[in-house]
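Novice: One structure is given below, represented as C-alpha cells, and several questions about it will come after.
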Amino acid sequence: MDNFFNMIKRCNRFIAMIPLILSLAGVISLLSISKSESTFLSREVIIQSVALLAGIFLTVVILLLGYRYFSELDKFLYISGILLLLSVYIPGIGISFYGSRSWIDLGFTTFQPSEIVKIIFIIVMASYLSKHSDSLSHMQGILKAAIYGLPFILIVAKEDFGSGCVFCAIWIFMVFCSGLKLRIIGKAAMVFCVLLPVFYFLLAGYQKERIDAFLNPDDLSLPGNYQVWNSKVTIGSGGFFGKGYMDGTQSSLGFLPVPESDFIFAATVEEWGFLGGAAIIILFSILIYNTLKTAKYAVDLNGTLIAAGVFGMLFFQSFENIAMNMGLMPVTGITLPFMSYGGSSLLSALAGTGLLLSVSCYQKI
C-alpha cells in the first residue's frame, strides 16, 4: 500500500485528475441528455458509470504493474489484438451499427474491440520501435514498421474508417518520436499528398458524402450536412453562459443526432455555454501538454513511445471530435475521449491514462 501511495506522489497530477474530471463531466452531461419522464437514471448513464468505475480500477492496475510489464508481453498482445479485431466476424457474436461491423454482442451490452486494441497497438508498436529505432533512418526501416502495424490498421479501417484514422495517427506520432529523420518525413508527406485523391475513391459511399458535405458546408441538400448544421445550431443556441443544466432543447427534442456520443460536445455547450465549451478545450489542452511533457522526460525510449502513442490517440480524437462538432472537420464518428457515451471508449481512454501515469512515475526530472 505504501508503494502505491509513493507511486501516486511521483505521478503527474494533471494526468491523474483531468481524465477523472472529464469523465465525470461526461456522465453529468449524459444524465441530462438521456433524461426521460419514466426514469431518472437511464441505461446509458448506468453503463457509463459502471465503465467509469471499472476504468478507474483498470488505471490503478496498469499503474501498479507498470508499462514495462506490458511491453514484455508484446508478442502475446500482438496476436491477441489481431484475434480480438477478427472476433467481430464470428457469426452470432459480431454485430453491425451504422453500417459498421465493429461490435461484439455480450448480451447485456455491446463491446467494441477496436477501442481496447488501440492500447494494445500502442504497447506493441512502442516495443517494436524501441528495439528497431536505428533502422528508422532509412525508408526500408519505415516500411518494416508500417508492415508490422498494417494488420491492425487494415482490419479496423475496413469496418470503421474513423477508428482506422486514429490508428494511423497513433502510428505516425510514435514513428516521429522514435527518431525519424526530417528528410524521410518530407518524402512521406509528398507520397501522402499524391495518394490522397486515390484514398478518396476507395472510400465507401457514405464516407464520400461526409467529405463532400465538409467541402460544401452551405449546401444543405447534401445528407452529410444535416448533422453538422444541427450541431452548429446547438452550439450557437447555448450562447455565452448556456441554457442551464437539463434545459437543452436541441438534443432533448431530437434535432441533434447522437448527442450522447459523436455530438456530446455540442450538447454540453448548449447547456453550459461558451464558458463550458472553453473549459473542456482548456482541460484537454492541459492534458495533452502534460502527455507531451511525459514523453519528453521518460527514462527510456519505450516509455517515450508509449506516451507518444497515447498523445496521438488523445490529440487526434479530441481535435477531430470537437472540430467536427463545429463543422471544421468532416464527420467521422470518432468519439470524444472520456466524455462520449460508450463503455469501450471510456475503458480505452482510462487504460491509456494508466500507461501515462506509469511512464510519468519515472521521469528524468
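Note: Cβ is positioned from N, Cα and C throughout, glycine not excepted.
Summarising the annotation, TrEMBL assigns transmembrane segment to 12-33, 45-65, 77-99, 111-129, 141-157, 163-182, 189-206, 272-292, 299-319, 339-362.
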Novice: If we skip the immediate neighbours and take only residues 6+ beyond the ends of the transmembrane segment (272-292), which ones have a Cβ under 8 Å from one of its Cβ atoms?
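Specialist: Same-chain residues near the transmembrane segment (272-292) but 6 or more away: 12, 14-15, 18-19, 21-22, 25, 235, 238-243, 245, 265, 307, 310-311, 314-315, 318, 322, 337, 339, 356.
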Novice: Which stretch from 12-33, 77-99, 111-129, 189-206, 299-319 shares the most C-beta pairs under 8 Å with the transmembrane segment (163-182)?
Specialist: 299-319
Novice: Is the count of Cβ pairs under 8 Å between the transmembrane segment (339-362) and the transmembrane segment (12-33), pairs 6 or more apart in sequence, 3 or more?
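Specialist: Counting Cβ pairs under 8 Å, at least 3, so yes.
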